[in-house]
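Below is one structure, written out as structure tokens; the observations come after it.
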């Protein structure tokens, strides 16, 4: 605490317009005063989140960076990480369901997947990071398990399962939600990447068409599952009952 000293002499403080004496602020030597700085004002401002497009770009971009880092480690390790791919109908190969989409059979394989991963992944995440990650999780699981159950007797790996899943998710999502914007986006995606859908058919050596097929199935399932609220809302509206918020 700090208080002014009383010397016994009446202070000649000036009077204000109301007749009250005005006391100047007392500053005590050695005492640190609390001062509000620009950094304090900045710290007290409400947090402003990044725009959705920035968060989507950072998320899918970070994922691709991880893929390149893993491929670099795999190259240094003599391709030993590839052993964690999917080996169909083997107990050890079941671990590949978790790891196969992050591994690739060389730099050419990864580079070929990079642009579709960035574009389709960004579009999926633009509807919401949580929703996009939920769709990705379903595609990852269904694509991996389908490959493990039906794949040929060789190693299956690569992020193509996600590419095909994201592709079909974007194509059919608007059909389930009845969203004009999503339907139009699906048409554009079909025009640009629709040719990839031939990859779900067998016939190309060295190509895991099972991964493509079940990744695509996973995308359709994800679009249907994540549109449940929109479908319930339509049914409630058609029945004259307002949908739940």
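Even glycines carry a Cβ here, placed using N, Cα and C.
Positions annotated as region 'Disordered' by TrEMBL: 1-23. For 52-73, 93-110, 117-142, 154-176, 183-201, 207-226, the entry in TrEMBL reads transmembrane segment. Annotated domain 'Peptidase S54 rhomboid' per TrEMBL: 94-227, in sequence order.
Residues 52-53, 55-57, 59-61, 63-64, 67, 97, 101, 159, 161-163, 165-167, 169-170, 173, 182, 185, 189, 193, 214-215, 217-219, 221-223, 225-226 of the same chain lie 6 or more positions beyond the ends of the transmembrane segment (117-142) yet place their CB under 8 Å from a CB of it. Through the fold, the transmembrane segment (93-110) approaches residues 66-68, 70-71, 74-75, 81-82, 84-87, 140-141, 143-145, 147-148, 155-159, 161-162, 211 of its own chain, all at least 6 residues removed from its boundaries and within a Cβ separation under 8 Å. If you look at the transmembrane segment (183-201), the same-chain residues 6 or more away from its ends with a CB under 8 A from one of its CBs are 116, 119-120, 123, 160, 163-164, 167, 170-175, 207, 209, 212-213, 216.
When the domain 'Peptidase S54 rhomboid' (94-227) is classified with DSSP, helix, strand and coil residues number 107 helix, 1 strand, 26 coil. Confidence in the domain 'Peptidase S54 rhomboid' (94-227), given as mean pLDDT, stands at 96.
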